[in-house]
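Asker: Supplied in C-alpha cells, the structure appears directly below.
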Amino acid sequence: MPDDWRIVAATKKAAQTALIPKEWTITPPPAERTNVLGVPHESGLLSAKELEITELRNVDALLRKLASGEWTSVEVTTAFLKRAIIAQQVVNCLTEIFIDKAVAWAESLDKQLKETGKPVGPLHGLPISLKDQFCIEGLDCCMGYVSWVNKPSKKNAALVDVLLSAGAVPFIRTNIPQTLMWPESYNVVFGRTVNPANRTLTCGGSSGGEGALVAMDGSPLGVGTDIGGSVRIPAGLNGLFGLRPSFNRFPYQGAVNSGYGQESVPSVLGPITSSVSGLMAFTKGVLSQEPWLYDPLCIRKPWDEEGYQLQEHGEGKKMCFAIMWDDGIVKPTPPVKRALDIAKVALEAAGHEVIDWKGIHHEELRDIVIAIFNADGGDNCADVCKISGEPLLQTMVPEAPTQQDQSMASKDLEDEPEGLFGSYKRLSAYELWKLQWRKRALQKDYLDLWVGTKGKTTGRKIDGIIMPMAPYPAPPHGKNIYVGYTMLWNILDNPAAIFPVTTVDQTLDVPVEKHEFRCKEDQLVYEMYTSPELFKDAPITLQLVGMKLEEEAVIGMTEIVSKLVAEYKK
C-alpha cells in the first residue's frame with residue numbers, strides 16, 4: 001500500500017525547504033504587504049555586485065559581460081540563485097533546487113573560457129530557469145503530481161541538452177498547476193505561487209512560477225510551455241516579455257506533459273524574460289544548436305535574420321498594425337482598454353498605420369479547442385492521480401483539497417466534472433477527425449482574412465495584430481476564468497509575443513457602465529472589475545501576433561512597438 005499522498009507531498013515540500021542554505025534565509029515580510037518586488041533588494045543578502053547583476057534586466061548586456069569574462073558564470077549564477085531563493089520565500093515560485101549542479105556547470109564554463117579565450121556558445125554562462133516539465137537527469141520532475149514524486153529523470157529533456165550545448169546554465173526549476181491545464185499555479189505538492197506585484201492576485205499559469213521568478217529578477221530568462229496561453233499569461237500578468245512560437249519551432253522532446261498523444265493543438269515552449277532582447281537571445285541561441293537534430297518533430301528552420309530585420313518595412317518605415325479591441329466574447333476591462341489606446345496613439349505618432357480588427361469564428365474556435373483538450377474524457381490526468389490517490393483538482397481556489405476533492409481521484413469521471421475548460425466530454429476517433437477537419441477550414445478562413453487586408457492598408461497585408469493578452473489585469477486567486485484571447489492563437493498556430501505597457505491606475509481605470517452581457521464569463525469579468533482597488537499595482541500588457549512560423553518578425557515588431565510605447569509614456 002503506497003504512503004498516503006499527503007505524507008508524500010509534505011515530505012517532498014520539506015525536502016525542498018531543507019535545500020535552502022541557512023545564510024540565504026530572510027525574515028518574511030508581513031502578510032499584509034502585498035507588493036514584494038522590492039524584498040530581494042531590501043533583504044541585505046545580496047552584495048552590491050549581485051544587485052548590479054540581477055537588476056541589469058538586459059539579457060544582451062549580460063551575455064556580453066559573460067562572454068568577455070568581465071563577469072564569471074559562477075558569480076552570475078550564484079547571484080541569481082540567491083535571488084531566486086529569496087523570491088521563493090515570499091512568492092513560493094520554485095520546485096527543484098539544485099545549487100551544486102548549477103554551480104558545477106558554471107565552473108566548467110568559466111574554465112573553458114579561461115583556457116580557450118572563447119565563450120562556449122551564444123548563451124555562454126547565462127542562468128536559465130526552467131518550468132517543472134523539462135527533465136534534468138537525476139532530478140525529480142513531478143509536475144505537481146504526488147504520483148511522480150521520488151521518480152528521478154533518467155535523462156535530460158532535449159531542450160536541456162540544447163541549452164547546455166549553447167553554453168547556458170539551467171539553474172532552478174519553477175512551479176506549475178497540477179495537470180498544467182490551468183492559468184494559475186497551485187498543486188498539492190508545492191502549493192500556490194502568488195503574484196509578486198500583489199500577492200492577493202494570481203501569477204498566472206501554467207508557467208506561473210517562471211512569471212513570478214522573472215518578475216522578482218530571480219532569473220534573467222525562464223522557459224515555459226504554452227498550449228492555451230501558458231507562457232503568455234504568466235508573462236502578461238507579471239509585466240514581462242514572453243513568446244509563444246508556432247508548433248515545433250523549438251524542441252519539446254523529453255519534456256513531461258499532460259495529454260500525451262494529443263497533437264491536434266500541441267503544446268509549445270517559449271521564453272519569459274524581463275527584456276525584449278531575451279526573446280531574441282533565446283530564439284537565436286536555441287536555433288543555433290540545430291534543435292531538429294535533437295527532436296524529430298522540430299522544424300528545420302535556422303534563425304531568419306531578414307525576417308527579424310523586417311527589411312521590407314523596417315524600423316523608420318511605415319508599418320501597419322491591426323488592433324483587436326475585443327474578441328466579441330468577453331469585453332476587456334478599463335485598464336486593458338487604456339493599454340490599447342496607448343499603443344494606438346504611440347504607433348500613430350511614430351507614423352505607423354493602425355486599423356481595427358474584429359476577427360472571425362472566435363467562439364467556434366474556442367469550442368473546438370476545448371473539445372479537443374477534453375476528448376479523452378479526462379482519463380489522462382485522472383489515471384495519474386489514481387496512482388497516489390491524490391485529488392484531481394477541479395478548481396484553483398482551495399489552499400488544501402477537501403475530502404470531496406480527494407474522492408474525485410478514484411472516479412472514472414463518468415459524471416463529467418467541471419474544470420476550466422468545461423465538462424470532460426469523451427470523443428470517438430471519428431468525432432475528433434471531424435473537429436480537426438473543421439479546424440483546418442477555420443484556419444484557412446482566418447488566413448484569408450489576414451491576407452485580404454492588403455487593400456485597406458499600406459498596400460500590403462497587415463504586419464501584425466495588437467490585442468489584449470486577457471480581458472483583465474492579474475485577477476484574485478481562483479478567478480482567472482477566461483483564456484480566449486491567448487487560446488485563439490494556439491488553435492490558429494500563429495506566433496505571439498507579450499510586452500508590458502502600464503499598470504492599473506485607480507484614478508484612470510474606473511469601472512464603466514454595465515453592458516449587455518454576452519455570456520457568463522463576460523458578466524463575471526465585468527463584476528470582478530467593479531472593485532479596482534483589488535488590482536493595486538497589477539501590470540497591464542498586450543499581445544502582438546504575427547503570421548505562422550514568423551517568430552523573428554514577431555520579435556522584431558515587439559522591439560519596435562514596446563520601445564514606442566515606453567517612449568510615449570515618458
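Placement of Cβ uses the backbone N, Cα and C atoms for every residue, glycine included.
So TrEMBL lists the following for this protein:
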{"type": "ACT_SITE", "residues": "Lys131", "note": "active site, charge relay system"}
{"type": "ACT_SITE", "residues": "Ser206", "note": "active site, charge relay system"}
{"type": "ACT_SITE", "residues": "Ser230", "note": "active site, acyl-ester intermediate"}
{"type": "BINDING", "residues": "Leu180, Ser206, Ile227, Gly228, Gly229, Ser230", "note": "substrate binding site"}
{"type": "DOMAIN", "residues": "75-554", "note": "domain 'Amidase'"}
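Relative to the rest of the structure, where do these features sit?
Answerer: Around the Cβ of Ser206 (active site, charge relay system), the number of neighbouring Cβ atoms within 10 Å comes to 34.
For Ser230 (active site, acyl-ester intermediate), the same-chain residues lying six or more positions away in sequence with a CB closer than 8 A to its CB are Leu180, Pro183, Gly205, Ser206, Ser207, Gly224, Ser267.
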Asker: Cα-Cα, whole number of Å: Gly228 (substrate binding site) versus Lys131 (active site, charge relay system)?
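Answerer: Per the Cα atoms, Gly228 (substrate binding site) and Lys131 (active site, charge relay system) stand 16 Å apart.
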Asker: Determine the minimum-neighbour residue: among Leu180, Ile227, listed as binding-site residues, which Cβ has the fewest other Cβ atoms within 10 angstroms?
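Answerer: Checked Leu180, Ile227; of these binding-site residues, fewest Cβ neighbours within 10 Å: Ile227.
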Asker: Would you count the other CB atoms within 10 A of the CB of Lys131 (active site, charge relay system), including those on all shown protein chains?
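Answerer: For Lys131 (active site, charge relay system), the 10 Å Cβ neighbour count is 29.
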Asker: Is it possible to get the count of other C-beta atoms within 10 angstroms of the C-beta of Gly228 (substrate binding site)?
Answerer: 29
Asker: If one looks at the chain holding Gly229 (substrate binding site), which residues at least 6 apart in sequence have a CB under 8 angstroms from its CB?
Answerer: Pro183, Arg244, Met469, Ala470, Val483, Tyr485, Thr486, Met487, Asn490
